[in-house]
Structure formats: C-alpha cells, structure tokens
Amino acid sequence: MKIGIIGAINQETERLKKIIHFYIEKKINTYKIYIGKFKSHDVFLIKSGIGKVSASVATMILIDLYKPDTIINSGSAGSLQSFLKIGDIIIPKKTCYYDVDLTNFGYTRGQIPGYPKEFTVNEKICNFFKKNADKYQLKYIKGLILSGDTFVRENESIKILKKQFPSAIAVEMESSAIAQVCYKFNIPLIIIKSISDESDNNATVNFKENIDFVSYQLSKFVKIILENLIDM
C-alpha cells in the first residue's frame with residue numbers, strides 16, 4: 001500500500017521521520033518529501049507548510065507524483081470544547097472551512113460550491129479507533145474539525161465559532177484544504193490531531209510550550225495507523 005503523510009511544520013515531520021525506514025529526502029521547489037518504508041507500506045511524508053494553500057499544493061504533489069492509496073494528515077489543533085485537553089488525540093469524522101461564507105447564494109456556511117458542506121474522512125479508521133478507544137486512550141473521535149487561515153487565539157473567537165458550528169470540537173489550518181483535494185481525486189483521507197492549546201487568550205504560549213510533546217504523541221498514533229491500516 002502507498003501512503004502519503006502530510007505534516008505542516010518541522011516539529012511534526014521530524015517526529016514522523018523517525019517511524020519511516022530507509023528514507024531518502026527529495027525536494028520539490030520548497031517542499032521536502034521523505035520517501036521510505038514502513039513494513040510493507042511505501043510511505044511518502046511531505047512537509048506542507050502552514051495554511052490552506054500550502055496544504056493543498058502538498059496534497060497535489062503527493063497525488064500527482066506518488067498516487068497514494070490513502071493520505072494521512074497529522075498535526076496539532078486548538079480545542080473548542082472544554083472536555084478536550086492539551087495532549088488529547090482526536091480523529092475527527094469530518095472537516096470544513098470556518099472562513100468560507102457563500103450563504104447568500106444558498107450554500108451552508110463553510111461550503112465551497114461544487115463540494116459537500118463537510119468533507120468526511122476514512123470511515124474504517126474511525127470505526128477501528130471507536131472499537132479500540134480505551135486501548136489507545138482516545139479521548140474523543142467524533143465531531144467536526146474546522147480549518148481556516150487564522151491561528152485562533154481569543155476567547156471571543158471561540159464563542160463565534162461554536163455559535164456558527166455547534167458540533168465543532170477543534171480548529172486548525174490545513175485539514176479541510178487537504179480533504180477538498182482528496183475528495184476531488186477520490187483519495188481516502190485520515191485526519192489525526194493532538195490538542196496543543198485551547199484556542200483561548202493563552203493559545204500562543206501554550207502552543208509553543210506543547211508542540212514538541214504533541215508531535216511526539218501524534219507520531220505514536222500514526223505508527224498505530226500504519227501498523228493496522230491493511231486490517232482497517
């Protein structure tokens with residue numbers, strides 16, 4: 001199986017590199033790609049950079065050059081719910097943009113014309129972790145994760161997002177863009193996130209303090225996914 005993995009920043013990809021065997025590094029423009037193996041899987045890890053456009057380009061590079069059977073988006077996220085704490089791992093079932101608004105044309109908030117109102121992720125992976133939530137100490141696997149080109153860092157912003165998207169559990173800057181490209185090319189997507197901050201007035205400080213730990217947590221769960229992907 002060919003698996004693409006997308007991480008946005010150095011801390012995330014450096015940890016993920018450690019679980020790939022015999023990798024070589026390739027560079028496409030400013031994008032670094034690490035090509036290697038995990039057991040029988042061919043793995044293609046790319047550092048996308050931050051934000052929706054960068055993530056979309058990285059996803060397209062993976063699809064165009066390596067034609068992965070599945071793509072995994074691994075990264076940090078800010079919590080939007082009090083029951084999610086720093087370090088918790090979440091595997092959301094769906095994602096959408098919070099900074100898209102064409103409601104005046106009859107679309108749902110967050111919906112791009114020609115696309116569903118929310119992008120869904122690989123159902124098998126959700127079912128696997130639902131069955132094994134206690135075993136892997138997963139805090140929460142259902143719900144919606146939001147994406148937009150802002151690092152959410154204010155209490156007032158949380159109130160607005162929760163009002164507009166009541167089912168949202170977390171927010172970040174890449175997953176919906178990756179999901180849109182995967183949807184277009186019919187590539188199954190797995191999203192795995194770890195909470196780095198609570199999206200509040202302390203979010204910037206908390207993110208800086210926790211990103212290394214969060215990246216370590218993520219690498220452990222990506223490894224679990226790779227070990228079980230065929231059975232899923």
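Every residue, even glycine, has its Cβ placed from backbone N, Cα and C.
Per Swiss-Prot, these features apply:
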ACT_SITE  GLU12  active site, proton acceptor
ACT_SITE  ASP197  active site, proton donor
BINDING   GLY78, VAL152, MET173, GLU174  substrate binding site
Grab the substrate binding residues from the record (GLY78, VAL152, MET173, GLU174) and give me their largest CA-CA distance in Å. 13
Give the residue from the recorded positions GLY78, MET173, GLU174, ASP197 that has the most other Cβ atoms within 10 Å of its Cβ, counting over every protein chain displayed. GLU174
Rounded Cα distance, in Å, between GLY78 (substrate binding site) and GLU12 (active site, proton acceptor) is 15
Given the recorded positions GLU12, VAL152, which one's Cβ is surrounded by the fewest other Cβ atoms within 10 Å? VAL152
Non-site residues, in chain order, whose CB comes within 8 A of the mean position of the CB atoms of GLY78, VAL152, MET173, GLU174 at substrate: SER76, ALA77, LEU146, SER147, GLY148, THR150, PHE151, VAL171, GLU172
For MET173 (substrate binding site) and the residue listed as 'active site, proton donor', what Cα-Cα distance in Å is obtained after rounding to a whole number? 14
Just to verify a number: CA distance, GLU174 (substrate binding site) to ASP197 (active site, proton donor), in angstrom, no decimals. 16
Rounded to a whole number, how many Å is the Cα of VAL152 (substrate binding site) away from the Cα of ASP197 (active site, proton donor)? 10
For ASP197 (active site, proton donor), name the DSSP secondary structure in the helix/strand/coil scheme. strand
